[in-house]
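A short worksheet on the structure shown next.
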Amino acid sequence: MDSPPKRSRGETEDNYDDAPPRKRPNSQSPHNGSPAYRLAERPARRYSRERSVDDSADERRYYDRRTPSRSRSPSDSRSRSQSNTPPPRKPTALNYTPHLILRGHKRAVSCLKFSPDGLWIASGSADATIKIWSSSTGALEHTLEGHLAGINTLTWSPDSTTLASGSDDKSIRLWDAQTGLAHPTPLIGHHNYVYSLAFSPKGNMLVSGSYDEAVFLWDVRAARVMRSLPAHSDPVSAVDFVLDGTLIVSCSHDGLIRVWDTSTGQCLRTLVHEDNAPVTSVRFSPNGKYILAHTLDSSIRLWDYANGKGKCVKTYQGHTNAKYSLSGAFGTYGNRADPKETYAFVASGSEDGAIVLWDVSSKNVLQRLSGHDEAVLTIDTHPEEELLASAGLDRSIRIWKAAPLPEVKVKQERSNGYDPDVLLPNPFAADSPAFGTPAVGTPVNSSPMRQE
């Protein structure tokens, strides 16, 4: 398998060839036949039916990390040392503990989501059912049946009244969360598995990504496709809306992350890491400035997509992800009553059954949770409380609750500024200078911006 070209250390962005990579000759999409089992139970990279489950590690393209050396100018060091703002006290560990275990699905749980009002948890499974649980008691409220194949993705409307689901049966269904009844008209249009969904902030639009390599923008009320984006050259693995709905992000097994203008459907930016690893999940940060991406090289990358050509500012490692589509979430910790003492973390599952929490700014592992017997495929955080939900191949859903540490460890942040290596303690806060959707600029061609 050919690897993408890499520029030398002395070569600049301006003279680097930004031509998009050719489609991998061995990549194929399963356009025919019904799936024998749910996508969550298949290796994420094995979207071709002609690939063997026992493909070699080389074909999984394990990550060979190359960290370029960096140097800081004396002026940078001087400006940081002369800061008059005392750095905040910051915990260096978290203490999430088991709270509830929810059981009921008969096969792997591929997706789960807290409702925006925090009252419910929705879970989707390879058993083709969706369950709605109380987030406070764990009681099962509804079991939704109607899809003909496994569930890949769930998303809540902003008012928490409607749940949308995407399935291997190629359809999207809308459900009344209060009654558990399906809306009469499913959304039909994709020619392959529907793998990712996201509601717009106003709830009037829905974006979907499919293994047919397309991204569709739907009018929810009319149940019709408003726009089709020929987004990628391989299956689309994830989509998301920015906080004000003006931008859409998509990712694919082709290794590309694309940012789209919602109103025009034009590609504004294309991001790709130099290793070109398949991207299995993307989501905007709460304030819309960053994009978090999972890749099949056991790495999670945080992209500042609006800065210059867009660059990767953080890489989080410590989990295992070379086989399955994993998704993660953002969360906060510290003193939530004081924005200056509130910090952000990234949470992700791992193929070894662990859950790993990283501090966004320092990349330090804050906690590693154990409890699942197999790969943890999906993670979500409660919108208001310090709750974390996880699920995966072992069919269970586990709710974790933050508890006080026996002895709170603190450290002093050495920088309160921003550069490619240093972020604010909580770069996603509403009072951060980064708050609000950044101006990405005018539409450009979709040539990828490579990041070393």
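Every residue gets a Cβ built from N, Cα and C, even glycine.
Nobody curates TrEMBL annotations by hand; they come from automatic prediction.
Summarising the annotation, TrEMBL assigns compositional bias 'Basic and acidic residues' to 1-12, 39-79. Per TrEMBL, the feature region 'Disordered' maps to 1-95, 429-452. Residues or ranges marked as domain 'WDR5-like beta-propeller' in TrEMBL: 102-401. Marked as repeat 'WD' by TrEMBL: 102-143, 144-185, 187-228, 229-270, 272-309, 345-368, 369-401. The compositional bias 'Polar residues' feature in TrEMBL is assigned to 443-452.
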I'd like to know the mean pLDDT over the repeat 'WD' (272-309). 93
Can you count helix, strand and coil residues in the repeat 'WD' (369-401) using DSSP? 0 helix, 19 strand, 14 coil
Beyond the flanks of the repeat 'WD' (187-228) by 6 or more, those residues with Cβ under 8 Å of it: 29-31, 35, 39, 47, 152-159, 162, 164-168, 170-174, 234-241, 243-245, 248, 250, 252, 260, 262, 265
